[in-house]
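Here's what TrEMBL has on this protein:
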type	residues	note
DOMAIN	23-485	domain 'Major facilitator superfamily (MFS) profile'
TRANSMEM	21-45	transmembrane segment
TRANSMEM	57-77	transmembrane segment
TRANSMEM	89-107	transmembrane segment
TRANSMEM	119-139	transmembrane segment
TRANSMEM	151-170	transmembrane segment
TRANSMEM	182-201	transmembrane segment
TRANSMEM	208-227	transmembrane segment
TRANSMEM	239-257	transmembrane segment
TRANSMEM	278-301	transmembrane segment
TRANSMEM	313-335	transmembrane segment
TRANSMEM	342-359	transmembrane segment
TRANSMEM	458-481	transmembrane segment
Amino acid sequence: MTAVPTVRGHDLETSAGRGRWFGLAVIVLAQLLVVLDSTVLAVALPSAQQDLGFSDASRQWVLTAYTLAFGGLLLLGGRIADRIGLKRCLALGVTGFGVVSAIGGAANSGGMLIACRAAQGVFAALLAPCTLALINVIFPDKRERGKAFGIYSGVLVAGGALGLLIGGSLTEYLSWRWCMYVNVPVTAVALLGALTVLPLLPGHHIKLDLFGGLVGCSGLVAMVYGFGHVAEQGWDSALVIGLLIASVLLLGLFTVIQSKRSSPLLPLRIVTDRNRAGAFATMVFSSIGLFGMLLFLTYQLQEVMGYSPLRTGFAFLPLLAANVSVSAMSATLLLPRVRPRYLLATGLTIAAFGLFLLTRMTPESSYWDGILPGEVVLGLGLGTVMAPCAATATNEVAKSDTGVASAFFNTSTQIGASIGTALLNTIAANATKVYQGAHPGIRAVRATVHGYVVAGRWAAGLLLMAALMAALMAVVLITAAPFRPSEDDEWSDTGAAGVPG
């Protein structure tokens, strides 16, 4: 492959000095597109179904098509980014995302809308790996890079809830079609910014492992699809069991293939490094708790407390504010001075306490005493966790691997979200059924809320387990490698939950 034109080191430093924060705005805008579109159509589905006349069976595919395409193709997208260059890949992804969003907004059938949602997932898988990797490029100073990671991490949490808010607003005041059309001006701004602000970096001489990519993508799709059907069909469903077994076999085969390739799609050094492996594992645990509970909180607010979709979106704003503010502080003030293991253990413990506060919900709870305290504490905890994870994921990664490392960070979030939704949904459904059996004649809503509470306790327990693992590793390893922060330290001593570092 012929190397593309690139900026020299001093040009990049000058460019970063002049416009790196504009570059971050472009990166954040692109990442926000990815996260927003995972939820923006959720509240608009009834209107879209009524307008286009597709069946209940097809309805879930409007959401699932995006998730499957995005989760399944992330690793391939990351390797393409390493091959053609981060800026070019980001521009390609943003452009394609905008085009298919415009077509989807004009859809005249359910099939056309579903196809456009799948195409959105494909282009999201191209642009998402570039965002985290580009932060490392345009922020050579570690303290400014830490602040950028904090802002980026806040977007990861904020996007899903903002999608509900924006989707509810557009559906209520305009049309469900604007949930697709709204991406067009956003992608136009992001594309213009990418072309004018971001540095043009060279691609690398990497051979794409297409067969390995097919096997790995198939394994990830089987996993996401399998977990996505647990709530509907149960863990004992032949379809679910078959998909999960297939995912294990395919991902096992993918690992074997990658270990034998001279130019693998996912170099195993990315995931076997103890620091990055810990960051990825922490993202899985955090996503299980976050996305699982966001689903239950949405139902509690709308189905139990009678909130409109728009009001529900506003109800999540305190969680977002807490997360963004603490993410920035964690990255700029704490990460350069405190071992990441300590931050992870502390943040996961705080997040677990936030989930525990949310388990006080009852059908009679108000927003102010039943939800607000818990969601703020949850946001504070996750804000402490996200920035160290994002920083560690691409720290000390070879330039030729930055795209795929960023892709695996996003993949960890997707896996956690899929597992969390399936696992906690199942726990909630079983707890509801048992409670109804033990209390004949009880109101259905009380049994339902009891199910949410039990699932929340399990989610809190998972986060506490991850926090305990991080704390134990910090205690065990502190004597082996005393931490002496300095101006020259580039976070080389990063660690994560449950992994030596």
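Cβ coordinates are placed from backbone N, Cα and C, and glycine is handled just like the others.
Within its own chain, the transmembrane segment (151-170) is flanked in space by residues 24, 27-28, 31-32, 34-44, 131-132, 135, 176, 178-179, 182, 290-291, 294, 298, 308-314, 316-317, 319-320, 323-324, 327-328, 331, 379, 382-383, 386-387, 389-390, 413, which lie at least six positions past its ends and keep a Cβ under 8 Å from the stretch. Sequence-distant residue pairs (6 or more apart) of the transmembrane segment (208-227) and the transmembrane segment (57-77) include at least 3 whose Cβ atoms are under 8 Å, placing the two stretches in contact. Residues 143, 146-151, 153-154, 157-158, 161-162, 164-169, 294, 297, 301, 307, 343, 347, 367, 371-372, 375-380, 382-384, 386-388, 391, 491 of the same chain lie 6 or more positions beyond the ends of the transmembrane segment (313-335) yet place their CB under 8 Å from a CB of it. When pLDDT is averaged over the domain 'Major facilitator superfamily (MFS) profile' (23-485), the result is 80. Nonlocal intrachain contacts for the transmembrane segment (342-359), taken as residues 6+ away from its ends with a CB within less than 8 angstroms of a stretch CB, comprise 278, 282, 285-286, 289-290, 293, 297, 330, 334-335, 370-371, 373-385, 388-389, 453, 456-457, 459-461, 463-464, 466-468, 470-471, 474, 495-497.
Under the criterion of 3 or more C-beta pairs below 8 Å, with sequence separation of 6 or more, the transmembrane segment (89-107) and the transmembrane segment (278-301) do not qualify as touching, having fewer than 3 such pairs.
When Cβ-Cβ distances below 8 Å are used as the criterion, the transmembrane segment (21-45) is approached by residues 59, 62-63, 66-67, 70, 90, 93-94, 97, 117, 120, 124, 127-128, 130-131, 134-135, 138-139, 148, 151-152, 155-156, 158-164, 166-168, 170-171, 176, 179-180, 182-183, 186-187, 189-190, 193-194, 197-198, 309, 312, 410 of the same chain, each at least six residues removed from its ends.
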